[in-house]
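K.L.:
Dropping the structure in here first, questions after.
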Amino acid sequence: VSCSDSSVECTEQQLLKVYLRVRPFSKTELANNESQGCVVIENSESVLLQAPKDSCTMKNSEKGIGQSVHRFTFSHIFGPETTQREFFEGTMKCIVNDYLDGQNGLIFTYGVTNAGKTFTIQVKGTPKDGGILPRALDVIFGHIMGRQYQKMDLKPYLSSDVLKLDCLQAKQEELMKATVFATVKEQKQKRKKKKKKTCMNQNSLCKVNVQYAISLNRERGVDPKESIKFSVWVSFFEIYNEYVYDLLDALPTLKNQKRPGLRICEDQTGNSYVKDLKWINVCNAEEACKILKTGNKNRSLASTKMNRQSSRSHSIFSIRLLRIGDEQEILKVSELSLCDLAGSERCNKSQTFGDRLKEAGNINNSLLILGKCIAALRQSQNKMKQNYVPFRESKLTRLFQAFFCGRGKACMIVNINQCASTYDETLHVMKFSAVAKQVVQTIQVRTFDFLAPRQLGKDGNGKAIEKSKVSSSLSIDTPLSEEEEEEEEEEEEEVDVTILSYKELLCMIGNLKERLTEQRQNRLILEMEIRKEMGEAMFLQLMETEETWSKRLADLKETYEDKLESRFEMYKDAIKRHAYLCAMEEMENYVPLEEFEAEQRKVEERDKKIAELEAILKNLQIADTSSSLGSSALKVLESSEMFTSNAETGITLELKNRHAEKDQIITSFKSKNKELKKNLWEAGEIYQENIKEIERLKQEIVQQKQEFESLQKKQTSRVFELEATVAELQELLCASRKHSSVSEEVNQPKPKKGLFANLKSSVAGTPLKSIRQSVTNTPTTSRNR
């Protein structure tokens, strides 16, 4: 059953509500010294996280990376002393009210493993310890008390539709419900069944929830005698290793037998739903809790070092509320989903391996994608930075997409513990929640005036109950498909021809023939006009391509000339710089001519003195041979010999030193001369290479000029060919019009067919083919060049 499109839509924007719940310490945690003051609650909306000494955060802060103290704000913070009742009243009141008004709702818990997520949602121990799920069921059944729809012939279908069942299908639903309840093993003794069917069991309903439901009905002004009825349907499934499993299906008995997986599909409105999921009709909160117990027995649980009963999958418990009118028309369909997300964990701390390691990887991956989606939603609020939201990367985010995109309200519950050993994981969870708190939800609020029913079969094809309600039996979110609209148009155009006579049929055939010929002529004229327009368009395109390529060629010329000039100037500057450096080195080693001549004069004087001394020495040697010299002469000679020997030794030493210095100067001059010759030879080679490159570039420019001129000639010839073909086409068009006027007077159809064939052959002749080939070939060749 769907509803008419008489609703008025309006949007409401609000921040995503994020609640924080802090779990108290256990005895073992206190014994292990886990209480180190890591979590400090400042007020009802602010909490402070202080890093312990052994945490990675503290080590990084000591190195100057990050901070050791972080402050976070939430919609409301619930401390360790908070009871289940206080937490339910502080978080679920507004969501349950909106759900009873027809608004969809999603509540999901997020946190590390062993943080109390399952305790917050589900039942643990006595009814006083019941989580938000059983308390919400108590409030829902307390609200609809005495106004329940007793039959099972209206069942949820797809994402927001309702399926009308016949008697046999309703009995099958009752049998399926009985088989599900048969799997539940009651721990307590069975109590006596009450004769009257009540909508709420007092054994499972707390007094506080009864009073809350009664006060809620008074505030809303609900009349118990109101004709509106309610039907409650529940489902329970899990996402384990990125596979969807129905938790209400019995587990396989054989070891090799696998559980049947379910697929996530989308309806015509784009909303995701789980195909072939079991929906069970429940009459009270006790039956719903039995469904919850059955699903928890089939749920994937395992024991790790950090948690004895660790959830290894994401479980989602959904409640659909159908509001039914007097004539079984569906007024509203609302859905409340409570998701118990598996906790993120580090494998080295939880000591997981094998299957547990694979499960942890899939859990962390799905939570990572959820974080990406929330971060992308936060960034997409800025119109200048619209980001892609990766909803389809995970099955969990595909199911959450409708709630994040305005089809309902979403609420996030963050569970943390105060243990120092898990501080780094807790800090990551808090940073994620800080991003989620900044997400703005744009919620579509709808007000309904009237909803007409439409019976649907198992395949989803509908048949209207009354002809007058056919137009109003469409769903709000499901418009008519194109095939249905075409079928309706064809039915309207059909005419009953059985009542016409033979002559009228002949007249109709003649009229149809005339219409056919007119249509053919119109199409032929239209084809000629289109061809003409295409020819003009191609001509313009050719002209544009010619202009663009000429501009490119001119730009290439300019760029090549600029490059040549810049290279030539660069080489000139390099040669000048090299010559300048060589000249500076020569100036450093340069000896003036005057100094060189003075040194030469000194050398000549020294040689003369040496010659004189040698002559004196010879004379003295001759005098020594004569024996007639006296003692006085001998003394004189001895003194003169001593004097000459001393003078000779001093002069020879000085001459040797000067000679060595001159040799060094000559060798340095020779080496520098060789270096200068080598540098000059290298500069000459570089200059010759530059001259060759300049000549090669000049030849390339000349070749490009010749190619450009040939292209221009080809383009002009093609333009002339196009003009000739256009003129031929115009002549053919005039001839065809004259021929068609003559054929209309004679009323002979054969020449028309011949005209069409002639025109086709003329149009498809060689000129147009040559035009197409020239058009297709010119851009490719020009591009390659």
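Glycine residues also receive a Cβ, built from the backbone N, Cα and C atoms like all the rest.
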K.L.:
Labelled coiled coil by TrEMBL, one stretch among 92-119, 148-175, 596-623. Can you tell me which?
P.N.:
596-623
K.L.:
On a simple 10 Å Cβ count over all chains shown, which one of the binding-site residues Val112, Ala115 is most densely packed?
P.N.:
Ala115
K.L.:
Helix, strand or coil for Thr113 (ATP binding site)? Use DSSP.
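P.N.:
Assignment for Thr113 (ATP binding site) reads coil.
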K.L.:
So if I measure Cβ to Cβ from Gly116 (ATP binding site) and keep only same-chain residues at least 6 apart in sequence, which ones fall under 8 Å?
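P.N.:
In sequence order, Arg21, Arg23, Asn415, Asn417 meet the Cβ cut-off.
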K.L.:
Test of understanding: give the count of other CB atoms lying within 10 angstroms of the CB of Thr113 (ATP binding site).
P.N.:
24
K.L.:
I'd like the number of other C-beta atoms within 10 A of the C-beta of Lys117 (ATP binding site), please.
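P.N.:
Looking across every protein chain shown, the total is 26.
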